[in-house]
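Below you'll find the structure, written out as structure tokens, and then a few comments.
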Ligand code: KIV
Ligand code: ZN
């Protein structure tokens, strides 16, 4: 029995759900919307926009993305729901505004999870699955069902669960390697076994999901493709729980660069130029930068495809070879991922209309008020920087998304520092009621002095665990992006900001991280894969039976 084949490889992006579960990567609604709009430009097939039952914030974000991004020609908008009525109903309401909507429901199938987490027998799980899949199917015809921890589940039990899910209306069956344990050969066997032994598998697409604990997830997915999987679940830059998820850019580029290898799997001639996915590869770099900025999850320089060194040739022999012929040491052209498309778009003399229309070309349709603010920032930047590139514009828009609902805003920062001077900072903050407060502090350096002054005003306990500066573009006048990560007990969150003055950017990033810490400590959200005891967190079993 062959699984349903969509004729191409479907790309299911879970940056906003599993990716956002990365410690410290939480995003506000506006930021999620900006990312979802960029994912739509990247042209992924499905966006998993969140876990609506987790919190009011998650629900609102999924609903807004469904409204704005889930247009007739847009991607399918999906929400996650545990195999429980309350979760499924919330998910159905959240994705309802989308033209094409999906409910993704899941329950664990491995004996380890059944015994220690769900405290359910296999029989009980086998009863819950069709009931909950049918419940999801009563709201929408596109239902995905996942067997959590499938890679460590007994294949014979998986076959039974999957058959029941498909019979109840699941149109996609997702096989997660939840703990990143499997290897390519094993994963191939698992997927091939499912394809061969589930009698109604021809009625659903096989999908794979996985984590990168052993660094094998992309290789596992490529093996799964050979075995019949036709949907890959991935995140931008591979962000996600622990070691992360499969990186979208690595999967898409592997299939693009080695298409001769993958074409025959889809029944095409090896030399077919028809893309294996719908992804617009030229949007990859821009999407990577956006997600990195907004989540505060930095991209390591040697990261495949999107790392700063991915197209850099250091050794003389390599440089010489590339100058003679690029293909000596380059397997892909940087332009394919949009790296060399960072074109200069605007300058000091550009007016509001030119600014708006370039933003629209980049896919940002701002409200008049947001446009006004963005234009103001653009003008400030243009006074200090000669050429404004698309990446600069994207940075301005994402900076602004972070400011929405901020409790504190930086009004003034002034620093005196230099040889034989004790670095001293004066800071003024405005609170949400418009009240202003000013203080001064001394630090070991200018940034330390600024952070101490802000701490004195905000009075939220925190430890600064990471501080980094990156340039948005090349050149001495480039915008510097500062990313700051703060910890408060178990909470980890990040803030970022950009400015040509890195001390100003640091102050703004620190205030942004504190704002986020304030929100997170007031509105905790439940995790789709609870690991704690059933007393401390409602698990699937409890919710399912309630
Ligand atoms: O890793 C996992 O198993 C998941 C499921 C909810 C699909 O994220
Ligand atoms: Zn996952």
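Along the chain as shown, residues are numbered 1 onward.
Here the Cβ of each residue, glycine as well, is placed from N, Cα and C on the backbone.
Summarising the annotation, TrEMBL assigns Mn(2+) binding site to 18, 209, 211, 245. Annotation source TrEMBL lists compositional bias 'Polar residues' at 528-546. The domain 'Pyruvate carboxyltransferase' annotation in TrEMBL covers 9-276. Positions annotated as region 'Regulatory domain' by TrEMBL: 409-546. The annotation region 'Disordered' is assigned in TrEMBL to 525-546.
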Secondary structure at residue 18 (Mn(2+) binding site), reduced by DSSP to three states: coil
Compute the centroid of the Cβ atoms of 18, 209, 211, 245, then list the same-chain residues not in that set whose Cβ lies within 8 Å of it, in sequence order, for the Mn(2+) site. 14, 176, 178, 210, 217, 233, 234, 235, 240, 241, 244, 246
Across the region 'Regulatory domain' (409-546), DSSP yields 40 helix, 49 strand, 49 coil
Structural state of residue 245 (Mn(2+) binding site), classified by DSSP into three states: strand
Other C-beta atoms that fall within 10 angstroms of the C-beta of residue 209 (Mn(2+) binding site): 30
